[in-house]
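Trainee: Take a look at the following structure, please.
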Amino acid sequence: MTEENQTVISQFLLLGLPIPSEHQHVFYALFLSMYLTTVLGNLIIIILIHLDSHLHTPMYLFLSNLSFSDLCFSSVTMPKLLQNMQSQVPSIPFAGCLTQLYFYLYFADLESFLLVAMAYDRYVAICFPLHYMSIMSPKLCVSLVVLSWVLTTFHAMLHTLLMARLSFCADNMIPHFFCDISPLLKLSCSDTHVNELVIFVMGGLVIVIPFVLIIVSYARVVASILKVPSVRGIHKIFSTCGSHLSVVSLFYGTIIGLYLCPSANNSTVKETVMAMMYTVVTPMLNPFIYSLRNRDMKEALIRVLCKKKITFCL
């Protein structure tokens, strides 16, 4: 074995985004504003749902968990990206890289499972309105949330442990803005066939199957409403399914295209842009799409503000 191959990598260099140096400050301000918008929007949702008893329903239980997941998902990558954009040496320790990978996978998987739970909730609400409260009991809702958190732990840990067993020799430059699976596998000088097989198999379980379940749920919603077509029914389809499906398509579409159907023609820049879509853009848009345009959330915000105002005056 050569001396080069015996070198142990203690840190990686995150090359970040291919942004010209003269535009760094502009993009730094843009990404900082996007991150702050994500944090503020999701925090507002979590706080409102906690404070307003009218929002203590299955739908908003899932939504509060989704908002927390979005907040954490974005926080796994964005602070490090912002730090590296201001640093001369954008490095990350090997242990820090594995930690970032674990939490990135954890919250990505959690979002996937929570989106399924939300789709099922809407399916029951529209197709079985008279039995909604009996089907979506508090016990079932809490069980779905807890199951989502537990399943993601095992999946994220599996990929992280498989990555930790690999050897990294001379090259330590990651052409990405965070420690993602694909660029790390390309840097490894070990056999990565097991990792790639697990990505394909487990990806089908935590990405493809949830995506199919969401599509099936909404297909049955549409079929149920079309049996008795009406303007109100069609409006319900668009108001209930449209926003959710747009985010689902953005989230799952980029992940499936990036990890499960990779193209040999995919450039590093293209992969980075796709990663930005679901790590930065989607968590930022979710509060606006799911809640801040929602009448219940607006009314809850008014009630909370009025209550605080009265308390302050007293």
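These residue numbers are counts, starting from 1, taken along the chain as shown.
Positions of Cβ are set from backbone N, Cα and C atoms, glycine also.
Annotated topological domain 'Extracellular' per Swiss-Prot: 1-25, 80-100, 159-196, 261-272, in sequence order, evidence recorded as sequence analysis. Residues annotated as N-linked glycosylation site in Swiss-Prot, with sequence analysis given as evidence: N5. Per Swiss-Prot, transmembrane segment is recorded for 26-49, 58-79, 101-120, 140-158, 197-219, 237-260, 273-292, and the stated evidence type is sequence analysis. Per Swiss-Prot, topological domain 'Cytoplasmic' is recorded for 50-57, 121-139, 220-236, 293-314. According to Swiss-Prot, the disulfide bond annotation covers C97-C189.
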Trainee: For a quick check of packing: other C-beta atoms within 10 Å of the C-beta of C97 (disulfide bond), how many?
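Mentor: C97 (disulfide bond) is surrounded by 24 other Cβ atoms within 10 Å.
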Trainee: Which listed range (26-49, 58-79, 101-120, 140-158, 273-292) shows the maximal number of Cβ pairs under 8 Å with respect to the transmembrane segment (197-219)?
Mentor: 101-120
Trainee: Contact between the transmembrane segment (26-49) and the transmembrane segment (140-158) is defined here as three or more C-beta pairs under 8 Å separated by at least 6 residues; is that satisfied?
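Mentor: Between the transmembrane segment (26-49) and the transmembrane segment (140-158), which are separate recorded stretches, there is no contact, as judged by 3 or more close Cβ pairs.
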Trainee: Quickly jot the same-chain residues contacting the transmembrane segment (273-292) by Cβ under 8 Å, restricted to those at least six beyond its ends, or write none.
Mentor: 17, 31, 34-35, 37-38, 41-42, 44-45, 63, 66-67, 70-71, 73-74, 76-78, 104, 108, 176-178, 180, 243-244, 246-247, 250-251, 254-255, 257-258, 298
Trainee: Could you tell me what the rest of the chain brings near the transmembrane segment (26-49), counting residues at least six beyond its ends with Cβ under 8 Å?
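Mentor: Contacts with the transmembrane segment (26-49): 17, 19, 55-56, 60-61, 63-64, 67-68, 70-71, 74-75, 78-79, 81-82, 85-86, 280-281, 283-284, 286-288, 290-292, 297, 300-301, 304.
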Trainee: Below 8 angstroms Cβ to Cβ, which residues of this chain, lying six or more residues outside the transmembrane segment (101-120), approach it?
Mentor: 59, 62-63, 65-66, 69-70, 72-73, 76-77, 144-145, 147-149, 151-153, 155-157, 159-160, 163, 178-181, 184, 206-207, 210-211, 213-214, 217-218, 244, 247-248, 251-252, 255, 278-279
Trainee: Pull the DSSP breakdown for the topological domain 'Extracellular' (159-196) and write it out as helix, strand, coil residue counts.
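Mentor: Here the numbers are 17 helix, 4 strand, 17 coil.
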Trainee: Measure the Cβ-based neighbour count of C189 (disulfide bond), defined as the other Cβ atoms within 10 Å of its Cβ.
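Mentor: For C189 (disulfide bond), the 10 Å Cβ neighbour count is 14.
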Trainee: In the three-state scheme derived from DSSP, which category covers C97 (disulfide bond)?
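Mentor: DSSP assigns C97 (disulfide bond) to helix.
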Trainee: With DSSP helix as H/G/I and strand as E/B, how many residues of the topological domain 'Cytoplasmic' (121-139) fall in helix, strand and coil?
Mentor: 16 helix, 0 strand, 3 coil
Trainee: Kindly state the mean pLDDT of the topological domain 'Cytoplasmic' (50-57) in the predicted structure.
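Mentor: It averages 87.
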Trainee: When you scan the chain for residues with a C-beta under 8 Å from the topological domain 'Extracellular' (80-100), skipping those not six or more beyond its ends, what do you find?
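Mentor: Contacts with the topological domain 'Extracellular' (80-100): 9-17, 24, 27-28, 31-32, 35, 160, 163-164, 168, 177-179, 184.
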Trainee: Using a Cβ cut-off under 8 Å, which residues of the same chain at least 6 positions beyond either end of the topological domain 'Extracellular' (159-196) come close to it?
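Mentor: Answer is 4-5, 7, 9, 11-17, 76-77, 80-81, 84, 92, 94, 97-98, 100-102, 104-105, 202, 258-259, 262, 268, 271-272, 275-276, 279.
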